[in-house]
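Copied over from Swiss-Prot:
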type	residues	note
BINDING	K30, R44, Y56, Y142	substrate binding site
BINDING	D66, D71, D103	Mg(2+) 1 binding site
BINDING	D71	Mg(2+) 2 binding site
Amino acid sequence: MGLELVTSGKNLPEEINVVIEIPKDSEPVKYEVDKASGAIFVDRILSTPMRYPCNYGYVPNTLCGDGDPADVLVVLPLPLVPGSVVRCRPVGVLRMSDEAGSDEKILAVPIEKIFSGYAHIEDIDQVSSHWMERIGHFFEHYKDLEKGKWVKLDGWGGAAEAKRILVESVERYNSDAP
């Protein structure tokens, strides 16, 4: 099944659709969904023996400055199946850069209908410091043993910044569409 029919979300930027590529606590394998076919490809095996601290995916029909769809970290105590789509609310953004340039990660929680445990979270300051520390540690170190690769964390931004990034990424996608 191709994912081209999955929208960015019904009420963007307040609610977004996230296509899961990597489940929370999965082995150190980086998967990527092929946007045209929907097939899940192994991108690479991470050199560090680290597990992803949360579900990792992207928002369809978005395009960020790095040429990829908007990356999303879905905070949830359970792993989700790669290729599944989960409706979320953006609550913050991890500002970071790597050897390829700027590479922000939107932090999101599932909508209340999917998981009511995070219904109270509206902005980054309401996310547990434990979650934020785990996420920051993972992304600061997951490329440590890969030659020529590096990551620099540039801090956290709130929900308003995350929503601005999402709106800009949809506009960029639409302006680049044939």
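For all residues, glycine too, the Cβ spot is worked out from N, Cα and C.
Looking only at the binding-site residues K30, R44, the densest Cβ neighbourhood within 10 Å occurs at K30.
In the three-state DSSP reading, Y142 (substrate binding site) counts as coil.
Listed binding-site residues near Y56 (substrate binding site): D71 (candidates D66, D71, D103; Cα-Cα distance within 10 Å). When the alpha carbons of D66 (Mg(2+) 1 binding site) and R44 (substrate binding site) are compared, the span between them is 19 angstrom. For the recorded site, R44 (substrate binding site), the DSSP three-state label reads strand. Taking the Cβ of D103 (Mg(2+) 1 binding site) as reference, residues of its chain lying under 8 Å away and at least six apart in sequence are, in sequence order, D66, D71, M96, S97. Of all the Cβ atoms in the protein chains shown, 21 others lie within 10 Å of the Cβ of D71 (Mg(2+) 1 binding site).
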